[in-house]
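Now, the feature entries from TrEMBL:
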- 1-19: signal peptide (SIGNAL)
- 80-99: transmembrane segment (TRANSMEM)
- 168-187: transmembrane segment (TRANSMEM)
- 193-212: transmembrane segment (TRANSMEM)
- 398-416: transmembrane segment (TRANSMEM)
- 436-455: transmembrane segment (TRANSMEM)
- 476-499: transmembrane segment (TRANSMEM)
- 519-538: transmembrane segment (TRANSMEM)
Amino acid sequence: MFIKFGLLSLPLSFIKIFSRNECCERLAYYGMGTNLVNYLEKRLGMGTAKAATSVSNWSGTCYATPLIGAFLADAYLGRYWTIAIFSIVYVLGMTLLTLTASINGLKPHCDSSGCNATASQRAACFVALYLIAVGTGGIKPCVSSFGADQFDETDETERKKKSSFFNWFYMSINVGALIASTVLVWMQMNVGWNWGFGVPAVAMAIAVVFFFSGSKLYRLQKPGGSPLTRIAQVVVASIRKCKVKIPADKSLLYETADEECNIQGSRKLEHTNKLGFFDKAAVESETDRAKELPSPWSLCTVTQVEELKSVIRLLPIWASGIVFATVYSQMSTMFVLQGNTLDQHMGPNFKIPSASLSVFDTASVLFWAPIYDKLLVPLARRFTGHDRGFTTLQRMGIGLALSIFSMVVAGILEVVRLGTVRKNNYYDLEYIPMSIFWQVPQYFIIGCAEVFTFIGQMEFFYDQAPDAMRSLCSALSLTTVALGNYLSTLLVTVVTKVTKKNGNLGWIPDNLNRGHLDYFYWLLAVLSVINFLVYVWIAKWYTYKKATGRAQ
């Protein structure tokens, strides 16, 4: 399963290298993305709704391209080389973005009346952004799986540490995000966008250096060939044998005799009773027995069939994360735009950029992640008897429930804010005399929800994915964020179009003081409640995979 290099203390050595790498990479990503809506609105001259949807579309693409990187990692390159190659693409994108904010001709012309960006300048900016989206597509699906690969599942001590690894991995992400949402956002708003984008570009270059510095220590998993081909073979073989009767004794289904699985880098999977139609692919016909090597398009192993079943079982859980991701995406769009209308002063001379409020989401993660690992898990273990305190499904469900409250709190704040506007006729006032720090609770609650849902999701998709499809399944989990951003874009577009009928300004006009952003938050809260109830029903249905034997 693994090529092993280096030291016996590999997991500890790797975590030190990897945490630095991930911290720098996330600093680069969030340093560029956290405040992007303001850059598009103020420097590229986009309207409020268009800037928000552009950020949602770009962010969504960043979480959709991992499907490409994951396929290459699982099928051909392996996780190490996929991360290495796409990291270089990432650095090129960050460099180009910095140039578009620094060089005359590429950067928009700004004067006292505002900024005017040409079509070519906007194009250059978006080319850079989507290069970054491609680069991150090769990194995101591989990094957490690559980290978990460093823990030997045959070693009891390392296996126990792997669960904690996901918590600390996510914390390293948020340390980078913390620096990005404070220092870098302030730098962008007060020093210049050239420095605000340049520093993240340097951070990404440092991340690449950290990654390569640990090359001799890593455990490298061998790619197992195209997982999509194996899935297609099961589907085709099942259809070809649709009239074949499945034996009552499931031990008669076809499987290799060796302890090792015939799929490179994978353990065998035990048979499960659900989705029985696909078992037909593992039924040996007389034609199959007559051949020394039956075609994989007519006869598949039980493990190959169970690979497909595992992916199908993951899909409903995957779908339930889309609405949560939609809620999460509001931090970089509607929360920022809402914060732009509030008093941003900290003392008489210092203003905090509205995008920097995401620091409280980050602080919440940094607060709750160790508490979950060191306090909640041991406490829950006493009542549940489960090694991890909560199952990964229970952990994700708690996060989905918390996300409902974040939208409720954001909606209440907007009701109060609009009440202040109406009472004092502040419709055309740029900043309402309400402190921006009233937004802190909604950020803090989302941060707490992240610790449960996103970390639980990473662990769940790694554990429940077939061994040779872990990158692809990690990418699948990331696409919930992509679809969440796209769903946010769709909701904003539909809501804007519908609510602007008959000459109305709509819920989300450029001047939010004349809109009803609170109605949009209520809509998300209702969708979150429905999503949570559906998730509970799905989780009760789920069957965990059972691996056996060892990988070749």
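The backbone N, Cα and C atoms fix where each Cβ goes, and this holds for glycine too.
All annotation found in TrEMBL is predicted automatically rather than curated by experts.
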For the transmembrane segment (436-455), distant same-chain residues with Cβ under 8 A (at least six beyond the ends): 166-167, 170, 321, 324, 327-328, 331, 335, 338-339, 342-344, 352, 354, 357-358, 360-365, 367-369, 372, 395-396, 398-400, 402-403, 405-407, 409-410, 413, 416
Name the range, of those listed as 193-212, 398-416, 476-499, that has the largest tally of Cβ pairs under 8 Å with the transmembrane segment (519-538). 398-416
Out of 80-99, 398-416, 476-499, which stretch touches the transmembrane segment (193-212) the most, going by CB pairs under 8 Å? 80-99
Residues from the same chain, set at least six apart from the ends of the transmembrane segment (80-99), whose C-beta lies under 8 A from its own: 25, 28, 32, 69, 72-73, 106, 124-125, 127-139, 142-143, 146, 194, 197-198, 200-201, 204-205, 207-208, 211-212, 215, 218, 220, 471
Six or more residues beyond either end and a Cβ under 8 Å away: which residues meet both conditions relative to the transmembrane segment (476-499)? 49, 52-53, 56-57, 59-64, 66-67, 70, 140-141, 311, 314, 318-319, 321-330, 333, 457-458, 460-461, 506-508, 516, 520, 523-524
